[in-house]
Amino acid sequence: MLLSILVALCLCVRLALGVRGAPCEAVRIPMCRHMPWNITRMPNHLHHSTQENAILAIEQYEELVDVNCSSVLRFFLCAMYAPICTLEFLHDPIKPCKSVCQRARDDCEPLMKMYNHSWPESLACDELPVYDRGVCISPEAIVTDLPEDVKWIDITPDMMVQERSFDADCKHLSPDRCKCKKVKPTLATYLSKNYSYVIHAKIKAVQRSGCNEVTTVVDVKEIFKSSSPIPRTQVPLITNSSCQCPHILPHQDVLIMCYERRSRMMLLENCLVEKWRDQLSRRSTQWEERLQEQQRTTQDKKQIASRTSRSNPPKPKGRSPASKPASPKKNIKARSAPKKSNPKKSTS
């Protein structure tokens, strides 16, 4: 099972069942600061309750990592000692895949044996999940576009978002050069765009995360549609462009209709942002009902067309019609007709 992870926030949530969610925290283990994820949770897979304890334990492998005996050793160790923190797996952190452990062990154990050491039992590979039969992470399974210079800042008590220093090339960018096209909130727009999420939210902050990325932090108030679970808390909306379109300002109460991409909620130019009005709640629900009805009708037509094509196969083309055999009646009549005798020659 491919697990595509794009970590751009840390949410400290409380589960609906009344159990307190374990909070995510920034990775402080020096060996793991350049991993594709910047947030972790404790206890880790080796039962260390704090990162301070994990730091003391992972230090024993620093020399092994430095000699670069395996390209996946650092990844494997960090996945064990500083497991990635995600909203879906707060109470059961994701483990590294068995294949990652085996690669690290097979690469490094020969060197360890030269110094009379074996692969430690605490890092045994046998109990780890197999890639295609469980949830696990490997270097190939993580999709990330976060550069190495990303750092994390605490915006609110509930979340963390990335901050990145501007390059010299970004300084010329100005919102005044962007001309956003207004998307009208109509039924026709909704049916044609087929948005994957619709929410009522309040804009908390808008900040540029780089030359071609703008992060809009919103406080989700109502969820009318979603293709994956959306927490009722503050979440980031990502605009992967130098222009923030549609253009919105902090403290606005809005209806947002847009798309999800690689598990991230996007805010794109063809999305709809409308100042909130109470009637928008009922209207968006009605539009979604019409969209579902339209999709069912389209699906029914496809099924009918498929059944029709199977029951009425096309006639073969390119063959000349076969000549019709002679009528049996005509043949019988021809056979039964008396033969005419020739007149006898007269004798003299």
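Note: Cβ is positioned from N, Cα and C throughout, glycine not excepted.
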(request) With reference to Swiss-Prot, specify which of the listed residues Cys24, Cys32, Cys108 is paired with Cys69 by a disulfide. (result) Cys108
(message) Through the lens of DSSP with three states only, how would you label Cys136 (disulfide bond)?
(response) strand
(request) Among all chains shown, work out which of the glycosylation sites Asn38, Asn68, Asn194, Asn240 has the most CB atoms within 10 A of its CB. (result) Asn38
(request) Which residue among the disulfide-bonded residues Cys69, Cys85, Cys97 has the fewest other Cβ atoms within 10 Å of its Cβ, if you could check? (result) Cys69
(message) Same chain only, sequence gap of 6 or more: which residues have a CB within under 8 Å of the CB of Cys125 (disulfide bond)?
(response) Lys98, Cys101, Gln102, Arg105
(message) At a 10 Å cut-off from the C-beta of Cys108 (disulfide bond), count the other C-beta atoms across all protein chains.
(response) 22
(request) Could you find out if DSSP has Cys78 (disulfide bond) as helix, strand or coil? (result) helix
(message) Please give me the disulfide-bonded residues out of Cys69, Cys85, Cys108 that lie within 10 Å of Asn38 (N-linked glycosylation site), comparing Cα atoms only.
(response) Cys85
